[in-house]
2 protein chains.
Amino acid sequence: MKPKNDMKNSYPGSEKIYVPGKLYNIQVGMRKVNLTDTVKIIDGKRITRHNDPVYIYDTSGAYTDPKIEIDLEKGLPRLRESWITGRNDVERLSEITSQYGRSRTADKSLDPIRFKNVQLPYRAKKGKEITQMYYAKKGIITPEMEYVAIRENLQNEMLGIKSHITPEFVRDEVAAGRAIIPANINHPEAEPMIIGRNFLVKLNTNIGNSALSSGIEEEVDKALWSCRWGGDTLMDLSTGDNIHETREWIIRNCPVPMGTVPIYQALEKVNGKAEGLTWEIYKDTLIEQCEQGVDYFTIHAGVLKAHAELVGERLTGIVSRGGSIMTKWCISHNQENFLYTHFDEICEIVKQYDVALSLGDGMRPGSIHDANDRSQFLELDVLGELTQKAWAHNVQVIIEGPGHVPMQKIRENMDKQLTSCHEAPFYTLGPLTTDIAPGYDHITSAIGAAMIAWYGTAMICYVTPKEHLGLPNREDVRNGVIAYKIAAHAADIAKGHPGAQVRDDALSKARFEFRWKDQFNLSLDPERALEYYKEGSKNDGEYCTMCGPNFCAMRISQNLNDCTK
Amino acid sequence: MKPKNDMKNSYPGSEKIYVPGKLYNIQVGMRKVNLTDTVKIIDGKRITRHNDPVYIYDTSGAYTDPKIEIDLEKGLPRLRESWITGRNDVERLSEITSQYGRSRTADKSLDPIRFKNVQLPYRAKKGKEITQMYYAKKGIITPEMEYVAIRENLQNEMLGIKSHITPEFVRDEVAAGRAIIPANINHPEAEPMIIGRNFLVKLNTNIGNSALSSGIEEEVDKALWSCRWGGDTLMDLSTGDNIHETREWIIRNCPVPMGTVPIYQALEKVNGKAEGLTWEIYKDTLIEQCEQGVDYFTIHAGVLKAHAELVGERLTGIVSRGGSIMTKWCISHNQENFLYTHFDEICEIVKQYDVALSLGDGMRPGSIHDANDRSQFLELDVLGELTQKAWAHNVQVIIEGPGHVPMQKIRENMDKQLTSCHEAPFYTLGPLTTDIAPGYDHITSAIGAAMIAWYGTAMICYVTPKEHLGLPNREDVRNGVIAYKIAAHAADIAKGHPGAQVRDDALSKARFEFRWKDQFNLSLDPERALEYYKEGSKNDGEYCTMCGPNFCAMRISQNLNDCTK
């Protein structure tokens, strides 16, 4: 199985480069966009001026390195394995731990769809702590920390822009819980990245099948596709058949951290009956996924039995799948949410693999009517309490947020999260700023996402045009990712992130100088830009069909500059 | 010539209704979306509950009224003609005034492309003032003012929501210059609408051919198409052939106010050579267009000779076509901008037809690098000075704004406009919040448009996915309008505009109750929503392909509600 062709191409005008570490023997992959010279004719003489290349944060992993042979059946190179084993605090297990994982492995009927090149998992040695937060608190800068510092900062370094981002700063932020580096020791293929509001805004993409559609090949393709366009992390939200096997394929080929919502698979194991869920089934699912290499788990531990009655105040009830499942469980059993009551045990499990927790917002508003209501804010307080519990275990934590929130309520949502959850990174879905645009919710939500990211959200979860209507296809994934790259980048600029504007300035300079190809190569989606340009243009000259030759303001303006020189 | 079929259809589930005036014998067209009942099975009994219809502001004019026969060759019914003539302050001319208009009329070779049903124009009687601003200052509530009050307020009235919007309030706002009703007496086909920050946020669409493409039929089609999707006003920015004839076709069939940039046509008259422009040619063009029925003119009178040298500080120079043309003229002639020096004469001309002025921002930034710079803000001060001049003539004014502005600079731009321009309505293009997404600039700019509209911009000018790349086609117009409807609506909600959220709440209730068709019918683009839904769904049941049957949170949540009842 090979990646599709359009996955393997380099970005146009770009090359993959690697920047070596100073503390560790690491190589940080980046994208370098080479630009053409500026050419001017002044007094009949042709004068050329060099344009510096632009370095771009690159989430596409080995797929855009023509020197690396990719075979999806083997999986990606295990970049971090030597770093992990080099710390002497993990051991390789002689067999996988989870009951379910073992039964799947033993099931010969699954052979045709199984990823073959599976390796046995690692786990912390007894008595050892291995999370990035643990190291950070101990004052240790890990290779992962240096990697993200280089990755966040390359543009600045190349241009001599002063930046606050150093390996030491990364360590500080992780130690304080203000940032996380999701990095399961069983997903050594992933390139380290950091999520925190003092770093570049990140974006998550959701993929995954449902009972009604999508096979493994299609999901792997969507996963890689989302990384190509700029997804920083990836959630596999599969709820259909063969979740275990699908996940293995995705993780082994995924260059970015990967998250799941384990309750989805647990529910499949009890045939979709929420009341059939037990702690034991859930626990086995957690271990199964820890050992496959999931980097972060969404856990809806903040949905309490007492909150269920507040749902009646809402226009759209509960719209989080995990939230609705756990509420149903609480009501059916008249017991407190087992994710809440077993939260310490959850931490004990995940810390052995350095899986981060993404505390789910089971009560996120599903309509602007329900935004910032009691249900949402009471849950947020519970998530704050759980954050401190997790931190006591040195487990890394992010907090999930809404949803649907009108613009005037976004700031309050952000501020409340920071105080309730002790500055743990916020990770929001949009928010959508109006409910009236199904088919265009990547746009309604990109507006909210840009704003909340400016205010301090560390990672935004994309929404595709298919939101509320169906599963996204390949083109929807592309449209969703680009809309969210726009939101994240607009927020980086608004936050004054050092160097964020370099790409804008280089692109605008290219635009002003009619270096069309440079303009396109610097854009978020060079292929689309070129396609639209070609649609109208039969010329390669100094104007496009929008204004024609006499009305191009930039051309007239250029000529003015020449006159006054 | 008939409108295309997809123009003539009613919106699904909707009907055209007319609300009568109380002060005048007027009929305000609106769209009524009828909803199905909520059906619940409780204790085995089928219980139905009525859902009130939702009333929606409607820009599509007669095209969505199945009772009205449309013939593009005849033009729309002349709705306002009797109101205008009833005031006894205008006279019908015996021939058109402009030289150019006469020469085109006399040119038999144009017969094949000419709109045949042309009527002679009206003009103010000598000594009479006829602008909406004049009436407003005199304390007169016109039918146009009552019309817009009803139009802005219907939803509230139907639901008993208290609103500040009354005919008297409209009059106050127009008198103060905080709002305008663009309503040339020679465009009686247009339905009155109001632009001001204490009213619903409006959106303008740009169409028009360039030297490289597009015929009359295509431009008329795009004009109607933009109104169908929700464009509140329309600018014909044609710069190609037969501008005069194209405009006639558009105006006669356009149910919304129409604007132009007269310098474009003037430039065509001097074969594209800016230095060949003269006040006389420009003046003749103004009169020509006033008598055709253009409702507002973009005038780049704030681009001063002294500002030209500041352009050198910029990354992307001048990106306004009008701004670059006038700057070139100033430099070539070493004279002050003739639009500035003749501004009082411009006002004297346009006030005879009640054409509003949209003071163009020739120095709008074309990159986020150039946002809020000296060039832009110095021009804004000049526009403020011109605003007061125009108001002295009782000419209605709006102020054009950027452009490219990063999020953190948007508020300053808005605040500065309000103070510099004495609260005249702001009318912005986007702004785009980053430069790096050609092909997706409807999204980069919808983010900025939503924010600036929330902060107080009265009208936002759409940007299509083709911005910077080529002329928009039909599908681009649709995508641009919907992105801007989202921005405008999100801003209306954020501003707490009375009743704005009614549509969101009704749609979300329909969504929660799986009344799919109601959800789609209430959405901004029912056809797209339905198309996406059908793509994945083979069922018409209580879930979509996104989550499948077991994982639909809303379904689980619904069941919870039933349990606890």
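Here the Cβ of each residue, glycine as well, is placed from N, Cα and C on the backbone.
Taken verbatim from TrEMBL:
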DOMAIN    A:11-91  domain 'ThiC-associated'
BINDING   A:Asn206, A:Met235, A:Tyr264, A:His300, A:Ser320, A:Arg321, A:Gly322, A:Asp361, A:Gly362, A:Met363, A:Arg364, A:Glu400, A:Tyr427  substrate binding site
BINDING   A:His404, A:His468  Zn(2+) binding site
BINDING   A:Cys544, A:Cys547, A:Cys552  [4Fe-4S] cluster binding site
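All features noted in TrEMBL, drawn onto the structure.
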residue	record	Cβ within 10 Å
A:Asn206	substrate binding site	24
A:Tyr264	substrate binding site	24
A:Ser320	substrate binding site	27
A:Gly322	substrate binding site	25
A:Gly362	substrate binding site	32
A:Arg364	substrate binding site	26
A:His404	Zn(2+) binding site	29
A:Tyr427	substrate binding site	27
A:His468	Zn(2+) binding site	24
A:Cys552	[4Fe-4S] cluster binding site	21
Counts of helix, strand and coil residues, the domain 'ThiC-associated' (A:11-91), according to DSSP: 10 helix, 29 strand, 42 coil
Between A:His468 (Zn(2+) binding site) and A:Arg364 (substrate binding site), the C-alpha gap once rounded to whole angstrom: 15
Near-B candidates in A:Asn206, A:Tyr264, A:Ser320, A:Gly362, A:Tyr427, A:His468, the binding-site residues, by Cβ under 8 Å: A:Tyr264, A:Ser320, A:His468
Distance, A:His404 (Zn(2+) binding site) to A:Tyr264 (substrate binding site) (CA atoms, angstrom): 22
Cα separation, A:Ser320 (substrate binding site) to A:Cys552 ([4Fe-4S] cluster binding site) (Å, whole number): 50
Where A:Asn206 (substrate binding site) sits in the secondary structure, as DSSP reduces it to three classes: strand
Cα-Cα distance linking A:His404 (Zn(2+) binding site) and A:Tyr427 (substrate binding site), given in Å to the nearest integer: 14
Inter-residue Cα distance where the pair is A:His404 (Zn(2+) binding site) and A:Gly322 (substrate binding site), in Å: 17
Between A:His404 (Zn(2+) binding site) and A:Arg364 (substrate binding site): CA-CA distance (Å): 8
Whole-number mean of pLDDT values that fall within the domain 'ThiC-associated' (A:11-91): 94
